[in-house]
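Just below is one structure, and these are the notes that go with it.
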């Protein structure tokens, strides 16, 4: 039991202080020390004892008291002890400073510096002060100054042990800090020399010196000797944790299972001896991470963190923690720890792994910029690290920098030509720009995988399938998709081996009971990596028109993955295609329940709502929501907003021209906006063309339409039938009827399988304008056949037949056949009009009964006239035939006679020459007379005709004038155009045969398309003239716009989805 | 189950061929005749084996023929034109037997009762099926199509527009298809409306009952689908898709195993009813295929199956079905 004896002043007595039983309150001791004026070394001993016992405060109290000014005064000549006390305090603060963080750290270092300086003032040659200063400098990281301090001591005393150790450690640390490997080695060697000197100086030095030697050797690369040194340390001090850990690490680095196990044992022992060794803790954590004991990892790393201030070790600890959370899926926490780990590292060369983890997590959070920076740090250290390169490639792809992404992945394939993943990525990146290259890369990937004997991943086959799909190689696409999907419930569904007994499943898309029932009998499994492929396969089936199976697959997807929003939308699209609007809206509603901001769903809903009178206003909201949710970057939603504005401008109920202009302006702005983002957008160009057409700026519109038409003709994926129609409309408006007809016909055939009655109506109108009555009539009959319930078409057929008859009767020359046909056509027209007339009492198809009556009356009138004509013509024909017969017989007789004469002439040649001549002349005269007779006979019904001839000329004159006017007006504004149309149409009745009505079928037909959307027969024949100009203009404009432009716009809404669908 | 092209006649009519029907073999005529009607306002008759013209074209079908039906006895047939007259004529001579109309409305699809006692016609905008007796050609009944409960209001505000009719082979059921896709089913014996069959939402232009299962109805619709209904039990029992455009016509093979369809996608397809799958696609026509018809059994060469198709491209085709 150690004790100290404080001599009692003035006596021989001493106070015994048992060091084990130092009073808790240091003041008690201090009082004694002060009272007895105890020698200073006793103060130091007692303070040191407090320190050993962990009573830091007491330690400090005594030393601070022992270094106070009173002491300095009193013990002025006791130099060494005073210096020792000050140095002890300096060392104490250095220690505190090392343990603390800034700014506390600085305070301690400052205190330490002050104490050492005071010690130096007492005796500046005292080596222990210099050593203290040196250590302070080491703590502060000022190696050069530390080295200088130690050198001062060593210059005095070459074998000063602490100075040697200090200097050795300075060199070692300088080695650690040195960037250049060679210089670093130099430092380690110096360090090693010093350690050796220290050992020579003190043969029985503590194990720590040998540890230093061992570390130096390790650093220099003398691994065996390092190992020997470590082992020697352990012999001297079997519980030396550092040596244990060092040996363990060397074991772990051997990469041999047995040795590694031994290493781990050592590590564990080190941990048992001293559970706060950060290095050991990190390694253990690493080990347990791989064995999957995350809880242990966390515990170990937490201890490691609290027990170390070493940056790299802390970084490793944080990394372990981060990795553990990462693997558990808690990426937010993991991210925080990765960041902590990265913060502890000065340069990525020290420890690069956390950058990988951090990069991955940033990637996951979509923080591409930061993630990119992280992976680039990794590349600084390992420029050919394929994983990082691939990550960077993915980031570029996500940032839309496809070129850079492709470059990066190409680099990967150069570094590792067997990296199938990189090939897959390349393939996917090139899908849009370079079909062939994409296919090549994907196929390479597939070959690589096959060679490696690995299973081709679903995504790869899916990619290949999609490529074929895009090239319209449906069979090959189907093969790929099927290979990707493999065996599964979908096959049984496809070949009807299950579920065929289920009733009415194929129309009730939202009724999933079929699958519920099915699930009770067979396990319904759909692995999540196959969902996308299944979806694509369903899209393919749709493309192959097998919508029944496609819809089943979509529903299977929804049954298993209720959040697969696109499946709902495809079902909605199918329902819409089948005209089941209600169901389609409900399905879109389901999709919006999953994501109320999903732009595709909003767009679809909007275009459905646009078609209904009740909901067209809300459609705008949908489009706007879709636009907002894509931050205005989605051309489709902008386009739809543009179309909506255009639609709104042409709505019949919006009468104010101001609104119209605003809507039209807005539409134009939106279209231009789309074009700015996407200069190749044909739909936007088409929209702008329409707006120009509305203003009768034919040339600009035509130019635009022609360009779009050409672009669209070259593309397999984008179909813009509207532009064909619009172009045809322009031809029509410019009077180029032949071209218009051709354009309409091509459009019908190319895009609509000849099933679009509206285009047939446009076609018939063009024929009508071109006065090709038969073609007009046939087009209309076809249209009726396609759209039986459209009575307007019937009316127009009636008009076309009436018009045909009237024009035939006006002809100056006509055959009996023509007149007969006229009669038949008039009978047909009367039949058609009469049926309509009766039907209108029965049926509200919107025609004015009176007007139909007028038509019937007019046709009957015409028919009477025609019958007269026919009879006359038939009579004339009869007479003609008779006269022809007579003439023929006469001619025949003459011929016979002439031959007889010739015979005779031959015999009586000379004698009867004169007679013969005379006779021939007579014959000729007779023939002339016959001819004359023919001429007059064909003029017999002339009287009736005169009037019609006159009318005809009149009408022709009107027509010419009208056309001239039209051309002139074309250059003018829309309003004037409207008026001109009014003129044009008003002219029409006047060239009719009989002036029964001012509102003839001609007028009716011109406006025909109007009545597709608005109830027909708006205008009353009598009201026509009284119509106020404003409304007349309005009406006419509408006639034009609705017939010509409105439909195409609706078409655009319908057809543009096909483009987006493909991109899905 | 397959089709093999036998013969095609290009320019069979001067204009688009819109209707076709087989007049079965009769006592005086040992083979069936194919009748076709077209936009050129004629009805023509063709020999069953080589599609040679059997008689000169019968004119006067004003505005174009949209539907044809032959009486099961093979003597007479009915043709519907766009002028809304049904012209009943003698198949061999072409002589007019009767001219029917159903004012105020137009007429679309027509079908004879399987026993030939009545003629049913889809009454278009009148929203009804009209029936005539085939002896005196007097109207028997007009069966209105009721609006289904909770039906969506039509855009035009008008009632149903009826396009097609079909009799079940036992004559007990009569089905009628309309523009809006609903199919009305009647008890043809008591002339009573039974129920609607739902599932289509676009015009149903053609329907046919199975010859082997008199409840099973096949429908062709503009939605590009073929539906199979149990017309008696009011249930949809199957759907088949594959046509790229409207399905314009449908007929069932005499053995009841297959149906053939004609579509505006210019193809004729053959479907295996049991497999619910398309087994063959014929692409010989270059425009809409408005009519397909299996030759009815009976007469010479009864064992050989024949299918005829008629198209907007003015041609008609004959196939061997086996």
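Numbers run from 1 along the shown chain.
Glycine is no exception: its Cβ is also placed from the backbone N, Cα and C atoms.
Copied over from TrEMBL, here are the features:
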- B:58-99: repeat 'WD' (REPEAT)
- B:155-187: repeat 'WD' (REPEAT)
- B:240-281: repeat 'WD' (REPEAT)
- B:282-322: repeat 'WD' (REPEAT)
The repeat 'WD' (B:58-99), counted residue by residue under DSSP: helix, strand, coil:
0 helix, 23 strand, 19 coil
Beyond the flanks of the repeat 'WD' (B:58-99) by 6 or more, those residues with Cβ under 8 Å of it:
15-16, 18-26, 28-29, 32-33, 35-45, 105-112, 114-116, 119, 121, 124, 134, 137, 291, 296
Counting by DSSP, what is the helix, strand and coil composition of the repeat 'WD' (B:240-281)?
0 helix, 24 strand, 18 coil
Could you count the residues of the repeat 'WD' (B:155-187) that DSSP puts in helix, in strand and in coil?
0 helix, 17 strand, 16 coil
So what's the mean pLDDT when you look at the repeat 'WD' (B:240-281)?
94
Counting by DSSP, what is the helix, strand and coil composition of the repeat 'WD' (B:282-322)?
0 helix, 20 strand, 21 coil
